[in-house]
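Features as listed in Swiss-Prot:
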{"type": "CARBOHYD", "residues": "Asn95", "note": "N-linked glycosylation site"}
{"type": "DISULFID", "residues": "Cys103-Cys138", "note": "disulfide bond"}
{"type": "COMPBIAS", "residues": "159-171", "note": "compositional bias 'Acidic residues'"}
{"type": "DISULFID", "residues": "Cys317-Cys328", "note": "disulfide bond"}
{"type": "DISULFID", "residues": "Cys487-Cys521", "note": "disulfide bond"}
{"type": "CARBOHYD", "residues": "Asn522", "note": "N-linked glycosylation site"}
{"type": "TOPO_DOM", "residues": "708-825", "note": "topological domain 'Cytoplasmic'"}
{"type": "MOD_RES", "residues": "Ser722", "note": "phosphoserine"}
Amino acid sequence: MWLQPSLSLSPTPTVGRSLCLTLGFLSLVLRASTQAPAPTVNTHFGKLRGARVPLPSEILGPVDQYLGVPYAAPPIGEKRFLPPEPPPSWSGIRNATHFPPVCPQNIHTAVPEVMLPVWFTANLDIVATYIQEPNEDCLYLNVYVPTEDGSGAKKQGEDLADNDGDEDEDIRDSGAKPVMVYIHGGSYMEGTGNMIDGSVLASYGNVIVITLNYRVGVLGFLSTGDQAAKGNYGLLDQIQALRWVSENIAFFGGDPRRITVFGSGIGASCVSLLTLSHHSEGLFQRAIIQSGSALSSWAVNYQPVKYTSLLADKVGCNVLDTVDMVDCLRQKSAKELVEQDIQPARYHVAFGPVIDGDVIPDDPEILMEQGEFLNYDIMLGVNQGEGLKFVEGVVDPEDGVSGTDFDYSVSNFVDNLYGYPEGKDTLRETIKFMYTDWADRDNPETRRKTLVALFTDHQWVEPSVVTADLHARYGSPTYFYAFYHHCQSLMKPAWSDAAHGDEVPYVFGVPMVGPTDLFPCNFSKNDVMLSAVVMTYWTNFAKTGDPNKPVPQDTKFIHTKANRFEEVAWSKYNPRDQLYLHIGLKPRVRDHYRATKVAFWKHLVPHLYNLHDMFHYTSTTTKVPPPDTTHSSHITRRPNGKTWSTKRPAISPAYSNENAPGSWNGDQDAGPLLVENPRDYSTELSVTIAVGASLLFLNVLAFAALYYRKDKRRQEPLRQPSPQRGTGAPELGTAPEEELAALQLGPTHHECEAGPPHDTLRLTALPDYTLTLRRSPDDIPLMTPNTITMIPNSLVGLQTLHPYNTFAAGFNSTGLPHSHSTTRV
């Protein structure tokens with residue numbers, strides 16, 4: 001700020017007026033001479049003009065912003081529902097000083113609050129200002145380039161200042177800067193990179209930060225399950241953006257060999273999926289996965305055809321031929337498509353990434369087990385109270401949860417996620433048992449805490465820990481954190497812990513510049529200090545793959561108190577020790593984050609869920625149709641009179657009985673929902689005893705046959721068989737063993753002989769049902785490398801129409817990693 005000089009003499013009016021004009025003119029000249037010219041940069045597609053923006057903090061240097069840079073051609077008209085193409089070139093200098101339009105979306109209908117960050121759902125009116133003018137021409141990115149080395153570029157002398165002549169150690173990057181590409185979150189239905197300002201992170205961490213838009217919802221993830229509309233356009237947009245970055249970031253001073261992709265929530269799920277796709281190979285080297293995973297129940301849509309049909313019904317395009325259906329959908333306006341309210345099963349998504357055999361070749365857990373992501377350095381973690389939004393609606397005025405509401409919440413969770421009408425009782429009671437604090441079971445506040453922990457563990461912690469285990473199993477660099485801090489604001493209850501999305505403002509340095517419209521927090525010095533710590537960890541990881549170096553934790557320039565993180569060394573994660581960093585005001589390295597609950601969800605629950613099937617397996621392979629959980633949502637009444645919008649799965653026709661006594665009618669007054677008639681297990685017990693006795697009898701017979709055969713062999717040397725018998729001896733010699741094998745395997749073979757090989761019941765070991773539990777109750781594995789054809793009848797024989805060929809020549813459909821796998825050797 002320029003200050004006017006003071007004069008000791010009192011000039012005459014004329015002289016004073018002339019002096020003021022002269023000083024004003026000189027001030028304008030000085031401002032113009034000191035103001036940096038607008039930065040320009042060349043790219044492979046043309047020149048860009050950005051803007052140099054100062055930041056409201058003395059420790060942050062200015063940042064060059066290039067906003068609205070096209071990374072792909074507009075996906076409009078016939079290009080709707082197709083992979084992106086490179087952007088066209090332009091002549092002259094393109095102005096890149098304004099945010100681009102956002103992709104079409106609708107936040108005015110019911111949004112899935114449980115999947116969205118708190119700062120998003122609490123500020124929907126503010127969010128609406130960012131998406132006022134959506135446009136299908138939305139594939140743009142924003143680039144934030146630091147112009148000076150941030151405060152983290154030097155290791156300060158003992159006084160931590162530069163004004164006394166102490167010599168500071170220069171630890172800045174001597175060459176090109178690391179690049180951090182942020183994938184915004186949401187629920188695959190909403191969001192934009194324009195909401196996140198990367199300036200502070202870029203300036204403080206001395207890295208280039210990029211945010212981007214990608215197609216969301218119907219336009220980004222609609223799939224017909226075949227070549228007509230294969231889906232995953234939103235993921236392909238992200239891949240195209242990474243391709244643009246790797247080819248052009250050097251013009252901005254960035255290092256294409258040090259690109260880190262990071263995201264939170266659904267953005268983290270996208271990052272996790274990108275590490276598993278061979279299309280991403282070579283486009284980035286590191287990934288930061290914040291509060292999300294490809295293993296979460298909502299990361300992948302296992303029923304794309306179902307929701308596409310629902311959409312086609314609503315807009316009058318439901319025809320049998322999928323090519324005609326997609327052509328019809330292309331004729332509809334984007335507004336008409338995104339305004340259709342199609343609600344998925346709870347804990348799942350209607351439009352999201354699909355297993356197409358190419359972009360996502362197989363189930364994410366299978367790909368992780370095959371090592372498809374081992375070539376990437378990965379840092380991941382969760383927040384302490386991610387499940388806040390699942391519980392907030394059932395908390396009473398005294399900040400507690402009643403026993404009835406607790407029971408209802410668990411039952412609703414089991415009904416919606418597991419869905420089958422039989423075999424749920426044991427599972428439901430076991431979950432309630434595991435999440436009851438038996439030392440304080442009647443305390444409503446304790447019930448609230450354990451209920452939040454239930455949803456946090458199932459939807460975030462277990463998928464993240466399993467992802468970390470699979471990645472670190474072969475020594476790939478892995479770092480795990482648990483975030484335990486949040487800012488003070490009115491966006492959520494006072495009793496809440498660090499909820500979903502609460503780490504985002506600290507990652508982007510919001511506390512350093514003060515509250516914003518999306519983060520209206522009362523930031524303290526502790527918040528500023530913790531934000532500096534987080535940005536140092538994140539940018540260190542982007543620079544070296546190690547969050548501990550090259551820049552040490554040093555924040556005395558912010559806070560007079562000692563930074564406890566200076567004494568903490570963030571250890572690598574491994575499946576045995578499972579070390580993780582507790583990020584909070586009292587940091588420490590701990591081990592085995594919520595290990596008991598993770599083991600419960602990973603190992604015990606899948607078997608409890610299928611106990612009924614194991615003991616009641618019929619002799620036919622015909623499966624009872626699962627319940628449909630995607631009918632229009634309705635308001636369910638709870639015993640205390642509160643309402644909870646949900647979608648209870650309908651009972652399967654094989655089990656439903658409309659006139660059965662005790663059947664629930666939505667028009668009746670709500671009574672105790674969880675009171676059930678005592679169940680008589682005598683029949684099941686009798687059948688079990690009978691089967692056990694039969695197996696015992698068969699084993700006795702088998703043992704007798706074996707003993708008889710052994711005794712017969714002992715006496716054989718004393719006998720000389722006749723030539724006729726001698727010729728048949730080999731057959732007789734093997735018959736008892738074959739009979740024994742038949743007796744031992746008889747029950748299994750008999751139970752499954754009518755079914756195909758893949759449906760054979762194996763009683764020797766419990767099958768792994770964890771993949772099933774991520775799918776909605778009525779999911780059927782639709783697309784895997786071994787089963788998918790992705791070619792409708794009307795398209796058989798057509799040649800490849802696009803460079804993103806889902807089934808190129810030599811497509812590997814085996815269970816082994818692809819020939820182009822990113823598996824680390």
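Each Cβ is built from the backbone N, Cα and C atoms, and glycine gets one as well.
Just so it is clear, the model here is predicted, and its values are computed rather than measured.
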*asked:* At a 10 A cut-off on CB-CB distances, which of the disulfide-bonded residues Cys103, Cys328, Cys521 has the highest count?
replied: Cys103
_Please identify, among the recorded positions Asn95, Cys138, Cys317, Cys328, the one with the smallest Cα-Cα distance to Cys521 (disulfide bond)._
Cys138
*Reduced DSSP assignment, Cys328 (disulfide bond)*: helix
*Within 10 angstroms of the C-beta of Cys317 (disulfide bond), what count of other C-beta atoms is obtained when all protein chains are considered?*
20
*Taking the glycosylation sites one at a time (Asn95, Asn522), which has its Cβ surrounded by the most other Cβ atoms within 10 Å?*
Asn95
*Can you tell which of Cys138, Cys487 has the most other C-beta atoms within 10 Å, given these are the disulfide-bonded residues?*
Cys138
_I'm trying to understand the geometry here, so how far is the Cα atom of Cys317 (disulfide bond) from the Cα atom of Cys487 (disulfide bond), in Å to the nearest whole number?_
48
*Secondary structure at Asn95 (N-linked glycosylation site) (DSSP, helix/strand/coil)?*
strand
*What's the CA to CA span in angstrom from Asn522 (N-linked glycosylation site) over to Cys487 (disulfide bond)?*
7
_Nearest of the disulfide-bonded residues (Cys138, Cys328, Cys487) to Asn95 (N-linked glycosylation site), judged by Cα-Cα distance_ = Cys138
*Rounded to a whole number, how many Å is the Cα of Cys487 (disulfide bond) away from the Cα of Cys103 (disulfide bond)?*
30
*Cα distance, Cys328 (disulfide bond) to Cys138 (disulfide bond), nearest Å?*
22
